[in-house]
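Q: Grabbed the feature section from TrEMBL, which reads as follows:
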COMPBIAS  109-153  compositional bias 'Basic and acidic residues'
DISULFID  C7-C39  disulfide bond
REGION    96-157  region 'Disordered'
Amino acid sequence: QVQNIDCGGGYLKVFDCSLDQKDMHGESPYLIMFGPDICGPGTKKVHVIFNYKGKNHLIKKEIRCKDDVFSHLYTLIVNPDNTYEVLIDNEKAQSGELEEDWDMLPPKKIKDPEAKKPDDWDDRPTIPDPEDTKPEDWDQPEHIPDPDATKPEDWDDEMDGEWEPPMIDNPDYKGEWKPKQIDNPDYKGPWVHPEIDNPEYTPDPEIYKYDEICSVGLDLWQVKSGTCLGPRSMLKMLMDPMGGIVMTNDGNAILREITVQHPAAKHMIEIAR
């Protein structure tokens, strides 16, 4: 049956020739990882991760994935001019430049380490009015004895101690006095740290390019019980030892393709065939 995904993901991973396909797993190093990730109400995004010089870099933009029960087509296009597009159901969901949207290269500009804000730089838009004075009646206690309270008739001073009325909020209390603010005549605006060219930055016109791409794999995971790769009456995917892929919803086709070693299971499949 079709399921709402509570927490799961489906990623296409692109590998170089060092991958041992028989030992592929979730932690196998990859060149590109692309696909939707859903986990609770807070995570509903499309991952686009590039490996550059041995380090994985996540996209800095947020791309929201679909979270309904229907199938969707996710497409990643990487162009030789170092631009990219992400499509969902053939509609553009995000686009931009590789250098701008991933931190694969150091920034072109950095803050000048030799620069510092001048000691006389005043970045306060307003200042306390030096002519303002506190009113004479300003200082009042925060709490006062309740003037409407009366000593209980059965109160015994010897037994209960000296009676004191309960305290209440003082309606005349105004809090801490502060002088009013006026425009600062010496205000120079916010200080902006000067930037210089980053000596560690080197442009890479082939940031999009990988020297070798030998295989692709699917990393599919789901924490909801009863999960299968393809729900009933929908397509199932099979991959043969040579890397060929078969998409089918025919149970007989699945039986023809799979290989088992257990004698009892093998016998049951041969009968079913």
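Glycine residues also receive a Cβ, built from the backbone N, Cα and C atoms like all the rest.
Curation plays no part in TrEMBL annotations; they are all automatic predictions.
The model shown is predicted, which means the values in this text are computed figures rather than measured ones.
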Q: Taking 10 A as the limit, how many CB atoms besides its own sit near the CB of C7 (disulfide bond)?
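A: Summing over all protein chains shown, C7 (disulfide bond) has 13 other Cβ atoms within 10 Å.
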Q: Treating G and I as helix alongside H, and B as strand alongside E, what does DSSP give for the region 'Disordered' (96-157) in helix, strand and coil?
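A: Within the region 'Disordered' (96-157) the tally stands at 5 helix, 11 strand, 46 coil.
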